[in-house]
Structures are given as C-alpha cells and as structure tokens.
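Annotated features, as they stand in TrEMBL:
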DOMAIN    88-137  domain 'LRRCT'
REPEAT    140-182  repeat 'EAR'
REPEAT    186-228  repeat 'EAR'
REPEAT    232-279  repeat 'EAR'
REPEAT    281-324  repeat 'EAR'
REPEAT    328-371  repeat 'EAR'
REPEAT    373-415  repeat 'EAR'
REPEAT    419-461  repeat 'EAR'
Amino acid sequence: MFSHLPSLQLLLLNSNSFTVIRDDAFAGLFHLEYLFIEGNKIETISRNAFRGLRDLTHLSLANNHIKALPRDVFSDLDSLIELDLRGNKFECDCKAKWLYLWLKMTNSTVSDVLCIGPPEYQEKKLNDVTSFDYECTTTDFVVHQTLPYQSVSVDTFNSKNDVYVAIAQPSMENCMVLEWDHIEMNFRSYDNITGQSIVGCKAILIDSQVFVVVAQLFGGSHIYKYDENWTKFVKFQDIEVSRISKPNDIELFQIDDETFFVIADSSKAGLSTVYKWNSKGFYSYQSLHEWFRDTDAEFVDIDGKSHLILSSRSQVPIILQWNKSSKKFVPHGDIPNMEDVLAVKSFRMQNALYLSLTRFIGDSRVMKWNGKQFVEIQALPSRGAMTLQPFSFKDNHYLALGSDYTFSQIYQWDKEKQLFKKFKEIYVQAPRSFTAVSTDRRDFFFASSFKGKTKIFEHIIVDLSL
C-alpha cells in the first residue's frame, strides 16, 4: 500500500473507520518515524502489523477499541521512544501477561494501560495486576507411554540415583521391574520376577539392599533380593502360607528406625500380619485380627504417634495405635458409618492430615483429622471404584478415582473452597492403582489396568499466556 513512499517519515491515519491492522500493513516505509492511528475502531492488530518499522520513534493507537495485543507485536520497533495506548480498554487476563512484562522492561515511554476486565481489575492499570504469576499457568495430564500389558499394582523405588518401578501382572505371572532410561526418556524393562497370580510387588530398601515383597494369591508369597553379582532379583525367603492366603495390600513403614511391612489378607481365614526385619530376614511379628476379610492397611502418623488403619469387607475401618511399651499395635478406635471400604490412603496438605476412603458401591469419602477424630469433608460419587488415590506434584494436589464402569476422574484440590473439584477424565480399563513417579525433573503417574493396557501419564505445566 505504501511501498511507493519509502522516504515517508510521518503518517496520520486518524478518525477513520479502520477495524483491523493486518500483517505488514506498513511494508516499505523503512524511514517512517511518526505513526498516528487514533480515533478509529480498531479491535484487531496482527502479530506482524508493524514489521520492518525499525526507525519508528512515536506510535499512537489512542482511542480505539483494542482489548488485547498479540504477543511481541512491538518487537521490530527498535527505535520506539513513545507509545500511546490511551482510550482503549484492555482485558487484563493471561493474554496480557506479555504486555505487562514488556511494560516493565521497555525503555519507551508508554501511556497508562487501563483494564476493563476481569472485574477485580476494572479501571485499574495493567501495571498493578498482581495475579499473573500464579493464575497464568495450569496443569494437564498427557499420555507419555503405553505398556502393552495388564497390571494390578505399581510401586516405585530409588536405588543408586536411578528410578525403578515394580509392576504386578497377574495374567502374565510376572513382577515386572522397569527402570527410567535417561537417554530415551521413557521406562524400559529391567528385570522380571516370575510367580503365580501376583497381586502386589512392594520394594523395601534397607541400607544399600533392595528387596521386593511379591504377594501371590496361591502358593504362598515370597521376598526377593537384588543380587549385585547376578544383576537381577533372586529369591531371598518365603512368607508362611498359613497366615497369608489372599493378600490384598502390602504397606511398608518404619517405627524407631526399625523396618516393618504389613500384608492385609482378604480371605475369611486370613490373618493380616505385620512383618519385621531382624538384619537376617523378615519374620512375622504380629497378627492383627482374623475373619474380617481385610482389604487394605495404611500406616499413618497421627499427632506424632504411629497408627495402622485397616479397612475390611465386614466392618468399618479400625484404627490401631502402636504401644511403645509392648511394642505392638493395639485397638484404638474406628471410623464410623463407613462399611465396606476397599482402600484407605493418607495424605497431607498444608500440614493437615487427610484420608481417602474408597468404596465400590455408594460414595467414596475424603476425611480430615481435626485433632480428635477424622471428619468427613467431601463425598465423591464412585460407583464401580476400586481405588481413590491421592498424589501431589509440588503444590498441586490430586485425587484419582478409578472406575470399572466409566471414565476415571482426576480431581484437583481447590485451596479457596477447601474441596476437590473435577479436573480431568482419563480412560483406563478397570483401573486398580494410580502411582506417582518423578525422575529427571519430570512427573508421571502410572495407571494400572486389570483388563487393558497400563498407561503412564505425564503431569505438565501449561502456560495460559501463550
């Protein structure tokens, strides 16, 4: 349009009816110094509208209908001294974050940029907006890797600066151990522990030794130890069949620098049992109770004291407290009105203690410790749920609710409302566990699937200002 006027230095386009300034609108005006486009109806300016105007010193876009400017629209204006944006009403949301940062950096003199929204910033200056740091990012979960097999539980452990994952695969009769590949940036097969109807693989690290408790539905359970010479896991000891016949969960914990694990047994004749390390191996230390078909065991520190919470098919969850003199767990209470809980998990947010209680029928629950007891803060509809798993990445707190009948639901903690809100649906066939794994400054969670493929999701930060 202006290419035949290369020596033009001043251009006035005031009081017209322009609504758009397109890319390269001023192409060829290499020596333009003053550009006034005032009193028009401009709403849209393209990213490269001012490309090539390296000599421009004064630009006025005053008294238009501009609500937003594309990122870096002024990047070619090397000589800019003065910019007039008065008489426009900007939306001071995340899309204006770049302009906010540019105003702080530029050497040009810029008129006040007034906000028309959001409501809390109406009639304020863009310079005074304070929410960009935390409101202009969100998070998401994207599939990073799909493992071509079914699984029921996933455990993670660190050894010698590497991250490993142990996956129980009942149909393949395997406990598959994966390691993080720092070059390929994915999880690859490392070792295979074979067994029958494996339902749990739990890693235990003692000094520099790595053990894996392999829980089996039939034929007893076993403990394997990593052998440096063989660079694989070899059988270390058996767990007596008489006590554990239908293991449902393995929970690892420490009390007074001693290492224990408990296996929750879900058969009618089963005995949920605590095992203790005695420097040579693990031996049965305390049987907790029988005939209750226990579904899960969770070790919880409540006000500095060690507790176990056992959930069962046939009664409400019971709370056992560690007695320091007898060095055994003793009954301490229960969680009323919560029959038929499949799993109980504990987690902390802002130093407060919470529980998530999974139910297959009815609502699952989130409860909070109030100094005397656990009180319900939220009920989550959970028909067909086998797991309600809390996990956190930095200051982002989530609950993953797995469903056998529909999409699994990820909830995110809302600090203001002090509740979990729906965040994202993911599809996993018959999910049985969700496990957070972090490595190389990246965050993942594994979703095990009893009927389909095991999926690894990556937790990513999304910049809304782009």
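Just so it is clear, glycine is given a Cβ too, placed from its N, Cα and C backbone atoms.
Residues of the domain 'LRRCT' (88-137) grouped by DSSP class, helix first, strand second and coil last, total 22 helix, 10 strand, 18 coil. Summarising model confidence by region, the repeat 'EAR' (281-324) averages a pLDDT of 92. Comparison of 140-182, 186-228, 281-324 by number of C-beta pairs under 8 angstroms to the repeat 'EAR' (419-461) places 140-182 first. Sequence-distant contacts of the repeat 'EAR' (373-415), counting only residues of its own chain at least 6 positions beyond either end whose CB sits under 8 Å from a CB of the stretch, comprise 139, 141, 333, 335, 342-343, 345-347, 349, 354-367, 421-428, 430-436, 438, 443, 445, 447, 459. DSSP places the residues of the repeat 'EAR' (419-461) in helix, strand and coil in these numbers: 0 helix, 33 strand, 10 coil. Taken residue by residue, the repeat 'EAR' (232-279) breaks down under DSSP into 0 helix, 32 strand, 16 coil.
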